[in-house]
Amino acid sequence: MYDYDLLVVGSANADLVIGVDRRPGAGETVLGSDLALHPGGKGANQAVAAARLGARTALLARVGDDAHGRLLLDSQRDAGVDTAAVLVGGAPTGVALITVDPSGDNSIVVSPGANGHLTPKDVRAASALLAASRVISAQLEIPLETVVEVVRGLRPGTRFVLNPSPPRELPEDVLAACDPLIVNEHEARVVLGVDTGDTPEQWAEALLALGPRSVVVTLGADGALVADAAGSARVASVKVDAVDTTGAGDAFTAALAWRLGLGESLAEAARYAARVGAAAVTREGAQDSFPTAEEVAAL
Ligand code: ADP
């Protein structure tokens with residue numbers, strides 16, 4: 001009855017990465033490595049992660065009419081994402097300028113570009129796509145009012161999943177639609193806005209009190225915590241040699257959203273998503289590191 005297992009509404013960025021011995025201070029110029037150019041942005045990452053697992057996936061996003069936009073569209077299509085709803089033009093493609101030092105610490109400047117021009121009107125124009133999608137996933141690298149419009153346009157039976165990144169306090173109607181709200185520690189603290197304790201169980205309880213039907217707290221190498229009205233449970237991580245954690249949260253979220261749409265319980269879907277997140281950290285990069293279903297099964 002649905003054409004798509006997952007519709008991702010979100011950002012697409014070109015990640016421009018330069019390795020440096022030392023990140024520059026104010027007024028300083030440093031020389032770095034050759035420029036590396038990667039497709040990124042949380043929305044684009046989630047769509048690629050889901051499609052690579054085998055989910056029928058579509059992306060609603062906006063890119064510029066430029067080379068970065070074409071790079072992003074190519075990476076989506078290569079992964080098998082339906083890009084018919086990706087809008088082109090209005091501003092340059094979003095860019096993240098990333099410097100990384102030898103310890104792995106980075107400094108990032110993001111120019112949202114076209115992502116900032118994905119509007120509520122664009123969401124209304126895509127209403128047939130929203131209606132054709134079993135699960136809809138969003139993040140906050142696009143305007144909040146655009147996410148609000150997605151929530152307003154939800155049909156009964158469509159599941160909404162939100163990773164509020166970069167985090168901010170959220171309106172009640174958005175919170176109430178989340179099933180689940182997926183946060184890491186930093187995102188949990190910002191969405192809560194007040195100190196509610198130091199354990200994931202305490203954050204989850206406080207977040208549930210804000211209205212979402214369910215909550216998932218991701219805990220990096222420690223796995224995740226799932227919580228809903230029935231209670232909370234820890235989901236163990238898979239032990240792997242972590243090489244690069246970039247994109248792990250996006251891969252986790254995409255996998256979770258897809259498996260929930262297949263009818264799995266929150267705990268079952270999170271166990272699968274933890275395997276996907278673990279596989280993603282064993283390889284360099286974001287989209288390049290996302291596993292196929294066969295690779296997840298072999299883990
Ligand atoms: P984010 O990138 O949003 O902060 P996390 O770092 O918590 O998200 O990663 C998301 C999920 O990926 C985790 O819940 C976990 O299941 C998996 N994961 C992340 N890092 C590791 C790791 N070092 N080893 C195993 N699994 C990991």
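Quick reminder: no glycine exception, Cβ is built from N, Cα and C everywhere.
For the substrate site, TrEMBL gives Asn13, Ala14, Asp15, Gly41, Lys42, Gly43, Ala44, Asn45, Asp250; the one candidate out of Glu141, Glu145, Glu149 that the record lists there too is Glu141. Checking the recorded positions (Asn184, Ala221, Asp244, Asp250) against Ala44 (substrate binding site) with a 10 Å Cα-Cα cut-off leaves Asp250.
Put plainly, the binding-site residues Leu219, Ala280 were compared by Cβ crowding within 10 Å, and the winner is Ala280. Checked against ligand 1, the binding-site residues Ala44, Asp244, Thr246 give no residue with a Cβ under 6 Å from it.
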